[in-house]
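Inspection log for the structure reproduced underneath, given as structure tokens.
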Amino acid sequence: MLAELINPYYLQVLSFILINIILGVSIYITLSTGQLSLGHAGFMGIGAYASAILTLDYHMPLVVGIVVGAILAGIVGLCIGIPTLRLQGVYLAIATLGFGEVIRVLFINLEGLTKGAVGISSIPHIGRELVKGLQDFGFKASMIGLKNNQLISLSVFLLLLIITLLIIAFFIRQTNSRVGRAFAAIKMDERAAEAMGVNITYYKVLAFAQGAMVAGFAGALFAHVTAYISPADFSYHRAVEILIFAIFGGSEVIWGPIFGAAFLTAMPEILREVNEYRYMIYGVLLVVMMAFRPQGLIDTQMIYKLKQRRKKKGVS
Amino acid sequence: MVLEVRGITKRFGGIQALTDVTFQVGKGEVFGLIGPNGAGKTTMFNIITSMFPPTMGEVIFMGKKLTGLKPHEVTEAGVCRTFQNIRLFPEMTVLENVTVGQHCRTKSGVWSSVFRTGAQKQEEKSIREKALELLRLVGLEELQDTFADNLAYGQQRRLEIARALASDPKLLLLDEPAAGMNESETKDLFDLIQNIKKLGITVLLIEHDMPLVMRICDRLIVLNFGKEIAQGTPEEIKNNPEVIEAYLGREEEEDLA
């Protein structure tokens, strides 16, 4: 029964949804201080390439590759975040867009390290490594009535689910704290936040580096789930796609980009025919959202109302 | 002396906003900064809080030089302000606005916030309690869960004062707190400033409402076109011919006669 339900293809789609949710969270963190970044595809690429090269060429364990990939992306984020501090809105977007392109061109041209435009293939797969580990403990797929490839997909999905939930919990807690309030204050009025004693330099760089690090983390996971990466995976299209998660879902509360990522990743899978028109739909969505609901589908007011309703129910 | 402003001059390109302004404010005083529109009063506030640097001169606060510090360091040193054109955090609730004011007096970072350590929980609790206490002081306790954006104008002004008080200032800078207020709101504001004074906080006040200024200020400085034209007690200022001229203009009949 269970065996028939577990379809590796659907699990793969669900895994990509989870990775995109992590990317959605990464853009949310940066946006939560009012910084508009189009460089997240670049950070994602740094994480992906770093982890792929470390595990493939230097035979590092997967965990080390992924963690180092994320940290490296965070460090690059720091280096980009500090000089672009003075840039606001569209100027920051242009600067980070340029950064993303530089990174992509580096991936193409550093052939010795990245294998150029061809990309890196046969990257160690998280699922296979996990199942191999389980087998060492004497656990086999057949023991719970599954085929080996089913167990691989299932373990990838479950691992990503846990990681995604932990990341979401991390940032929900951060948002509902002194740090999150400082982020929100900066987003709403930078001068006023400064006058109230918030060190805006520190928090803006922190948010930028955190966003970069989470994007790098998602990129490293991506590399080990697809087992193949190329510079095209981290192009301008990817940066826009990540941004659309936040624009469509909303960037005021963390649930916005999470919903945006889940919906927009699932949509082309459910409606097979529309897949070809994906970028066209993104374009139309951008225009429609900006015209009718610039804050995204899920906004602060909506969450506030939901909370009030729950409170009322609790009382009565 | 709590605050010493020494020879402040500020030029914006060709415009001379302030010329060699010097004054001192003693502990517990309510010190007024008045003058016609464009006299450079808000510019003086921006220089004291290090929003931008003066062209010349320096600001000393309780023996510490503020000039050259970053705005958040000035707040940390104990100087906080309100804004002439209200700058609340519009999409935060009233309570949240006041909690942001306590930022530099609290210290939970990313890790203690995420792991909800005992110290962090304790801190959050005391932040909330203090915020409620300040809302009580300005009479906004009932509205704690309202978005700041939805408050009436006079309430927004009072919330700004509560938010500034949250940073535990020794010196509070109020930029036209009575602007746009009706008579009864102005009276409440008068009581509020009295209460702030009782807390031992020194107040520097920019205000156009002359009856309020004359009643509440211990001393005043009058600026016109960026220059000091008078300094002294409300009585002295009221009878100063230069001040009268700046506010009411020269008496033309006399010239004719």
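Glycine too: its Cβ is placed from the backbone N, Cα and C atoms.
Some features that TrEMBL has for this protein:
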type	residues	note
TRANSMEM	A:9-31	transmembrane segment
TRANSMEM	A:37-56	transmembrane segment
TRANSMEM	A:63-83	transmembrane segment
TRANSMEM	A:89-107	transmembrane segment
TRANSMEM	A:151-172	transmembrane segment
TRANSMEM	A:205-230	transmembrane segment
TRANSMEM	A:242-267	transmembrane segment
TRANSMEM	A:279-304	transmembrane segment
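By the Cβ criterion (distance under 8 Å, sequence gap of 6 or more), the transmembrane segment (A:151-172) is not counted as touching the transmembrane segment (A:279-304), fewer than 3 such pairs being found.
Counting only same-chain residues 6+ beyond the ends of the transmembrane segment (A:242-267), those with a CB under 8 A from a CB of the stretch are 13, 16-17, 20-21, 23-28, 31-32, 36, 38, 40-41, 44, 168, 171-172, 175, 215, 274, 281-282, 285-286, 289-290, 295-300, 303. Most Cβ pairs under 8 Å with the transmembrane segment (A:205-230) belong to A:63-83, among the candidate stretches A:9-31, A:37-56, A:63-83, A:89-107, A:279-304. Contact count against the transmembrane segment (A:63-83) (Cβ pairs under 8 Å) is highest for A:37-56, out of A:9-31, A:37-56, A:89-107. Long-range Cβ contacts of the transmembrane segment (A:89-107) within its own chain (Cβ-Cβ under 8 Å, at least 6 residues beyond either end) map to 35-42, 45-46, 49, 80, 114, 116, 231, 234-236, 239. Sequence-remote contacts of a segment are chain residues at least 6 beyond its ends whose Cβ falls under 8 Å from one of its Cβ atoms, and for the transmembrane segment (A:279-304) they are 237, 240-241, 244, 246-253, 255-256, 259-260, 264, 267.
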